[in-house]
Amino acid sequence: MVLCRGGEGDAAPAAGGKEPEVPPCREDGAGAVQPCLCPAPGVEAAGAEEPRACGCCLGMSRPCCCEAPGTKKKAVCPGLGLFYTILSAFLFSVASLFLKKIEDVHSVEVSAFRCVFQMAFVLPGLIYYKTGFLGPKGKRIFLFFRGFLGSTAMVLLYYAYQVMPLADATVITFTSPVFTSLLAWIFLKEKYSLWDLLFTLFAITGVILIARPPFLFGSRVTGIEGSYTNHLKGTIAAIMSTLSAASTIVILRKVGKSVHYFLSIWYYAVIGLIGCVIALFVLNEWRLPHCGRDRVFLILIGLLGLGGQVFLTKALQIEKAGPVSIMKTMDVVFAFILQVLFLNHLPTWWTVGGALCVVASSSGTAIRKWRHSVKKAKQREF
């Protein structure tokens, strides 16, 4: 499906890992959105002997949302979307490693640099697509909360990376799909089955194995960085980051395709930058790193984070969300490898067991959502 607007087609990227839905084609005088029933460029309608222009392009000198008749769609390399996902996971993991290597720079300041890079990337896209900077009036409150919760998740995650083992923090973030299903059931009235409850319990078990609270594991907790107090703070920060990230996905589902993907990132970056600057003045933590190496790391974190987001977006554009969600578990693998090679910190068996529980729950959730979407697509065909 393609997006028709004013006689020109613009394909909107998928947001939040959600599979593309039927986008709007045009608006009538009353403001009601009419769905576009034309096939994607180069794809023939079922049962048609030859390709033709769709109904919304009839009477025009050339089709506005379809390619010229007879034009074949360029074949996508098999597995390219999964390769983009692996590359995205690698870039995110390396950015996390550089964050661990930075000294005497607060996580809020690192987040502020990341927001600046995102703003610089998104601004040309907003101008090109003419989306504006505020978005539709009825959606601005959702965009505000999307930006606030998304930037909060980033700050908390960066803090968790700084005070606890890299692999532990990465594993906890993979509970996001499980919490997304739970929040979608509460706020969007989506179906929540016994399987979802089982996956939630698996995820909670994995987090407990990573946190290893003393009342369950005794007072002697091994395999952590620094004091157990910092480890506990990092665990709480990672969990709150995961809940905030899950909330942003629920908000994106609520907003749907009425808001361009670039506009959503714009709110994320602008509100995040404003919040980080305010927090830095309150905490009195704003300072440039004294070491030139740390300055280079800050720039690389911004570039690698941006690159990871771009490749993840490209993966979701050409591959189904289910396989992408499953392949994203490579984040955990890369985190374990980088932690052993560059941080000289061997993960404990508790961490490995927690990682297996969390990966199993997130993969199970992704597979169930994928099968459900495929089933719905087949039902629509018939």
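Including glycine, each Cβ sits where the backbone N, Cα and C put it.
Because TrEMBL annotations are produced automatically, they should be read as predictions rather than curated entries.
Copied from TrEMBL, the annotated features are:
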type	residues	note
REGION	1-21	region 'Disordered'
DOMAIN	80-211	domain 'EamA'
TRANSMEM	81-99	transmembrane segment
TRANSMEM	111-129	transmembrane segment
TRANSMEM	141-161	transmembrane segment
TRANSMEM	167-188	transmembrane segment
TRANSMEM	195-215	transmembrane segment
DOMAIN	233-362	domain 'EamA'
TRANSMEM	235-253	transmembrane segment
TRANSMEM	265-283	transmembrane segment
TRANSMEM	295-312	transmembrane segment
TRANSMEM	324-343	transmembrane segment
TRANSMEM	349-367	transmembrane segment
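Simply put, out of 81-99, 111-129, 141-161, 195-215, 295-312, 195-215 has the most Cβ pairs sitting under 8 Å from the transmembrane segment (349-367). Counting C-beta pairs under 8 angstroms (sequence separation of 6 or more), the transmembrane segment (111-129) reaches the transmembrane segment (265-283) with 3 or more such pairs.
Within the chain carrying the transmembrane segment (324-343), a Cβ under 8 angstroms from the stretch's Cβ atoms is held by residues 17, 81-82, 85-86, 88-90, 92-94, 96-97, 100-101, 165-167, 170-171, 173-174, 177, 312, 315-316, 355, 358-359, 362-363, 365-367, 369-370, all 6 or more beyond its ends. Spatially, the transmembrane segment (235-253) is not adjacent to the transmembrane segment (81-99); fewer than three Cβ-Cβ distances between them are under 8 Å for residues at least 6 apart in sequence.
Residues of the domain 'EamA' (80-211) grouped by DSSP class, helix first, strand second and coil last, total 110 helix, 0 strand, 22 coil. Counting residues per DSSP class in helix, strand and coil order gives 110 helix, 0 strand, 20 coil for the domain 'EamA' (233-362). Here the domain 'EamA' (80-211) has a mean pLDDT of 85 out of 100.
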